[in-house]
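This report concerns only the one structure given below.
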């Protein structure tokens, strides 16, 4: 899609369009050659799935299947090059020492049931060719087929030599002839194999070797690898978890069998809370059983897909940026995000940036226009000097030596000029913001005098404007810029718009019509690209021929700027991103967290991952004790749908084709062009499509009624039903059998802003928790959804269940935080007097908790300070935001009372941490304040009671005081937040404190702790001699 001359606004019926030029036709890809075995010289061949056979996933040493199987059966079972033990691959028999792997599931080959004679015959034939040369001539390949390296990706094969077909250009390397032996005999094969092994170390490069052989071998190797946690770190951690589970069971048994008869209410409440905490701990702990890390190889990605002199074969990527309210999400923040996207280290023709303005704000539109103009200067500057990060606001405010590693003589001069250009750009944006603060009575007017179509934000047509791209002009150095598209979907009264999820689905459809990239990057407007190679990092997984087929998305961790040094309110959330997410990556992949995620478009369309040969389900029919019938899978997959469409023909075929097209329209909507794009797995727009028709369809697919009677939001795209649509969307993909990847490059891929103010932070946590409660009560709850097919792994289900259950922990947590004060005020306790033996249970439990935390920090690299801040805010958020989320969720489910969430403000104060000390009153502050005062009153009452009754009461008091102080210490950051910068409590909090203190003072007087508890004779009756 090319840059248009003006804004395109209209609905499906209005047909308001502008004329644009033809789209650039996609460049053809070249056919590429195959590979040959380093041992016998035979062609390596294909796997059972049609991919190039790779014997060793670690080094990619070229070996054909017969040599690979012989080495596993008769040899050392190790790769000749890297000495790594060969793993069993699909289509090969098992040997002693093989591990069970769920992805290799072919019983017909696994136990070597048949085809033994065929394999020996093929081996003998391969050796005959191996004596002659390192490859075959064109006459040996009857069909002219070459094994594709890019599985499920772009069409075309990977080059291993110069040309195709003749000896001069092909890969042609002489090898020493093997000793003559009967070609078909097993002994001859073994003799030649052993001879090759003995001579392998002495075979040096020949004079006529291809100089690119080293690069080719490097390009054949995997684009990424798993890095398991060292066994010395993870094994003790697992043993302590098991020990803690046993200790917890013994502790709970003791608690249940030893009630406190004079305080049954307190005892029963505490036991129920402890059981709930145990269940919550299990759901949180065991998904961290298999943590892994990953490494990517960007150089191999370039060697494989960016070969010199050939078309760039990296996959196109559509980038989505969403914004709603420019007053809470400043245009300057959004502009920096867009500029960092346009300046990414990725081919410009492969990048398209779509900005969704769900508030239909003219301020956002005009600021994006200014951003497009500034990008013509900023993008070439970034690429010329390779600066990081490529968001100008963050780059120019970095307090580092910006001259480090810079050798270009004009860098300083051009940097100063660019900084001045950016400052002028900021002034223009600020002027637009100031102008937008006063809305005219007649509404906004565009520069050409026409009214702004989005003056009524709840009733306006769809709008599209293409700012940059193929026909949008060039940068200051004459180079093309990535495409930049402004999108505002149509809104009309009476239609449900589904907030952010609906806006994202509209972007998916618009991009599907205009560019249709096979991959999509989703970013919030305040999350800029901090690592210009972030998309390349994701492509190392998504375009990997071995693992990319079943990957639905690559999730990056969230990192933040502008957080205070102590991270008072645990904004960095490193415990979740550096511990929990690594654990999930070892199971079925991390959950989707709403931003910083690269999706596979086909996964968002509801398709299932491609299926390889699977072991048949053993459903015995009674006629055979070993084998059964294969269970039929009635779920539709993309391959089935493509096959059905391709098989149609004749009169009946036309009828079936019509029915199939109607089914597609019921699924994807009534846009034939968009439906066609969903079947293009490799992406791209049909060359025959007219740009005017594409623009008309783009307006159509963002119309307010397009999703009616379709599966958008239920099975396709971002899933509706919760304000935390990210959890639901990732959950649906995992239930279909996809897996996700967690990518943590050394330089953080994306960075955003976090609410450092206490009230804003609690409101953010409230929104997340409310979304979890909505999912818990919906039909997509992990407790009962997704069991059919068994594609969601159990530990992954545990993790998803924990994401929906955790808000309910607020109820027992609140009760447990109040119990210490009640015990101090009533002089009772939740446990009976314990013996020396029983005290071992408590000591063991506390020790196991401490050791588990220490070992977890050891393998994850999280600091103890970050862990402690997370624990503190877990209590603060648990007794405030999570509690309110449960109440609001129940009101919404039971009474139908809906609660609208507010967008978290991204504005910054002139002071670096001005927002940190600002006090904003919210009802979320009431429960923690109440708990804090109750415990302080309880501590004072307990100490006064002990002083009044003598030293014999100090022993039992220490346990109660420790219990209460533990609660107060967890709430300390909350107390500092209430005090603010001036270390004085705001008036509203003082009023609440006095009110609550008065209530508990009356309660204290009723208990009367200063009066002697022992009863004696009445002096009025016995006289002075009593």
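Each position is counted from 1, following the chain as shown.
Even glycines carry a Cβ here, placed using N, Cα and C.
Worth saying up front: this structure is predicted, and the values here are computed from it rather than measured.
Per Swiss-Prot, the listed range annotated as transmembrane segment is 837-857 (candidates: 837-857, 900-920). Looking up 185, 637 in Swiss-Prot shows the phosphoserine annotation sitting on 185. Swiss-Prot lists 322, 328, 329, 358 as UDP-alpha-D-glucose-binding residues, and of the candidates 226, 458, 499 the one it assigns to that same site is 499. Cβ neighbour count for residue 40 (Zn(2+) 1 binding site): 26 (other Cβ atoms within 10 Å of its Cβ, all protein chains included). The Cβ of residue 64 (Zn(2+) 1 binding site) has 25 other Cβ atoms within 10 Å, all protein chains considered. The transmembrane segment (837-857) makes no contact with the transmembrane segment (263-283): fewer than 3 of their CB pairs lie within 8 A, with pairs spaced 6 or more apart in sequence. Nonlocal intrachain contacts for the transmembrane segment (873-893), taken as residues 6+ away from its ends with a CB within less than 8 angstroms of a stretch CB, comprise 569-570, 762-763, 765-766, 769-770, 772-774, 776-777, 806-811, 813-814, 817, 899, 923-928, 931, 967, 970-971, 973-974. The transmembrane segment (263-283) shares more Cβ pairs under 8 Å with 805-825 than with any other stretch in the list 234-252, 805-825, 955-975. Counting same-chain residues at least six beyond the ends of the coiled coil (412-433), those with a Cβ under 8 angstroms from any Cβ of the stretch are 326, 330-332, 335, 363, 366-367, 370, 374, 377-378, 381, 384-385, 392-393, 396, 402-403. A 10 Å cutoff on Cβ-Cβ distances gives residue 37 (Zn(2+) 1 binding site) a total of 25 other Cβ atoms nearby, all chains included. Distance between Cα atoms for residue 524 (Mn(2+) binding site) and residue 40 (Zn(2+) 1 binding site): 54 Å, as a whole number. Ranking the binding-site residues 67, 500, 524 by other CB atoms within 10 A of the CB puts 500 at the bottom. Secondary structure counts, DSSP: the zinc finger (37-83) has 10 helix, 4 strand, 33 coil.
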